Each structure stands twice: as C-alpha cells, then as structure tokens.
Amino acid sequence: MSKLAVVAAGGTGGHMFPAQALAEALAARGWRVVLATDDRGALYADKFPAEERLALSAATAKSNDPLGMIKAGFVVLQGVMEARAAFKRLDPAVVVGFGGYPALPALLGALSQGRPTVIHEQNAVLGRVNRFLAPRVNEVACAFPILEKATPAVKACAHVVGNPVRPPVRALFDVPYLAPEVQLRVLVTGGSQGARLLSELIPEAVAKLPEEMRGRLKVFQQARAESMEQARKVYRNAMVECEVAPFFRDMAGYLRQSHLVIGRSGASTCTELAVAGRPSILIPLKIAADDHQRFNARLLEEAGGAAVCLEDELTVDVMAAALKALLSKPERLEKMAAGARSAAKPNAAEELADLVEKTAR
C-alpha cells in the first residue's frame, strides 16, 4: 500500500492553498493524503486531494488573556488526543504542518508518537505556532530567504523551498507578460478574507484618474459583500468597466488577464505575483502578526516587482497618483513584471515534496 501523509493546515487560504499544492504534488507521486484542518480551513478545501479529513479540536488566545489561554490549552490538549487516536489508526509516514493554530494539535500528536514531522512557513516572519514547533520537528521549510523571529539554529537548517502554488498558477510562470496597449486591466484582491480598506478606497481612487485612462480601464475587484454595491456604483459613475465579486476562485485566470495587481501582501499573494510575473501595488495589513506582511512586501519591492504603500500613509489621492504613474508607463510595468518573476520559486511544491519524502519513514 502507498505511503500516507497527514497535511495539517487551516484558518485561511494563506495556509490552505500551499498545503493543497503540496498534497497535489504528493498525490501525483502515488501518496495518499489526509487533511487535518478546522471549520474555516474546510471552506478552502473543496478541491483538496485528501481521502479523509480530520477535524481536530483547536483554539488560540491572546497572550494577555490568562483565562483564555488556559481554556485554549485544554482544547488543544483534546485535539492532541484526537490526533493521536487518528494517527494510531492511519499510521502516517509523515505529518506536515503549515502553521496557524489549527496545525498545532496534529504536530504535537505526531511528535508525542515519534513520527517524522515537517513544518513549512509561508511568510518572511516565522509564525507563533511554527516558532514553537521549529526546534522540535525533523525539518523546517520556508518560503523566503529571510526568516525573521527564527533562532540562528533554525535559520541555519531551514530549507528555502518557496511557497507551493496550485498548478494553474504555476503554469503562468511560462506565460510572458504582455504590456498594455489599449485596454488596461487591473486586479484588486484583498486576500481570501477580503479587505474593507481596498473595497472602499480603490474605486474612489480609480474615479480620480484622467477620463482617457478610465475609458481604457477594466477592473476586477474583490470586495466584501457589504461593499460590493457601493463599489459597483462608484465604478459605474466613473464610466469604468468592472467585475466585482466577494471571492475569485479562478485566481490564475484573473492574474493571466491583468496588467497590474493591487492587494495585501500575504504570503500566497506575494508568491502568486512572483510566479505569474505581475507588477503590483501592495498595501501590507497593518495589524498582521509580527508585521509579517511588511516583510513579505519588502522582498518583492527589493526585486523591483512591487510598489509598497503603508496603510498609515494611504489615501485616495496617494493611490490615484500611484495608479496614474504606473498605468501611464507600460515600459515600467514590463520592468516590474520581470522583477517580480525574478523572485519566483516556481517549483516549490516539488521541492517541498522532495523534502517530505526524504523525511518520511
């Protein structure tokens, strides 16, 4: 019988999409895959190639909430016991965690049974759960050449494999960027959770662009449900063609069409922009844990692939000026596209799968 890997991820698309890409790579090599996730992660798992899903108890709490931390500890302990029972039945050859509190019970359960373990950090800053697990697991993989908040020992042994992306996005690495000639296509994405700031600010900024530029624009706007109608109204009044939706499932298709992307700088967003070779304006989420989105954005900015606007400095006028400066210079967009692609690691899923196979028993 083929070997089985448990992939533990959940919480957001930022954890789930790389986990799915690894699962697909392992499945293509003949592995069986079981997904350990939570209710939120299940929302992104409709195409996850898993023969079974484990819903393990998991919880988190703020460090300044002692009672909440105690309660969360008991919930995690319950999840660990659930994981141990499931692993005794499944006997996985390896357990792979993608960070976030939903992955913790599975990894602790595996460690308590002496099973091979691998963790992957998607961001340029080692997350809290992975920070705890890193000294204890067999192998640490990471997406970026910098890994803030990691100890020197962890940094020294970490494998820089990149962030796994799904095959449709990986295919864009081989598609050349075509600078705009007539129509200007802009994709606005707030990440898998949407972004109120972008839902409301970007349409207003677009409305301030010169009439000639607005007449050439087509905007694909991801917006929160409560902001969609207002966004459509602003675009309509500005005579801008638009497509507004709460979530774009075919992200590869929209990336392929777009000349410029505006979005947050979560790990998946930055990785997909690099692999697709798309220029971008990035707005790091100010409240992101350990300011990890700013570190993610910096890597694309230093490669020449992105312009970065900090939330505290962002206004409608600032965004309008940034849009005008980029959309009026196709040659600059082409140069940024090349810069973004220079930061890509398109074979991350295969490299991580190699590491997982090497670690498995």
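Glycine too: its Cβ is placed from the backbone N, Cα and C atoms.
Source: prediction; values computed, not measured.
Record features, source Swiss-Prot:
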type: BINDING; residues: Thr12, Gly13, Gly14, Asn123, Arg166, Ser192, Gln293; note: UDP-N-acetyl-alpha-D-glucosamine binding site
*Tell me which residues of the chain lie with their Cβ under 8 angstroms from that of Arg166 (UDP-N-acetyl-alpha-D-glucosamine binding site), as long as they are six or more apart in sequence?*
Phe17, Gln20, Ala21, Glu24, Ala252
_Of Gly13, Gly14 (the binding-site residues), the residue whose Cβ has the fewest other Cβ atoms within 10 Å_ = Gly13
_Three-state secondary structure, Asn123 (UDP-N-acetyl-alpha-D-glucosamine binding site) (per DSSP)_ = coil
*C-beta crowding around Gln293 (UDP-N-acetyl-alpha-D-glucosamine binding site), within 10 angstroms*: 28
*Determine, from DSSP, whether Gly13 (UDP-N-acetyl-alpha-D-glucosamine binding site) sits in helix, strand or coil.*
helix
*Taking the binding-site residues one at a time (Thr12, Asn123), which has its Cβ surrounded by the most other Cβ atoms within 10 Å?*
Asn123
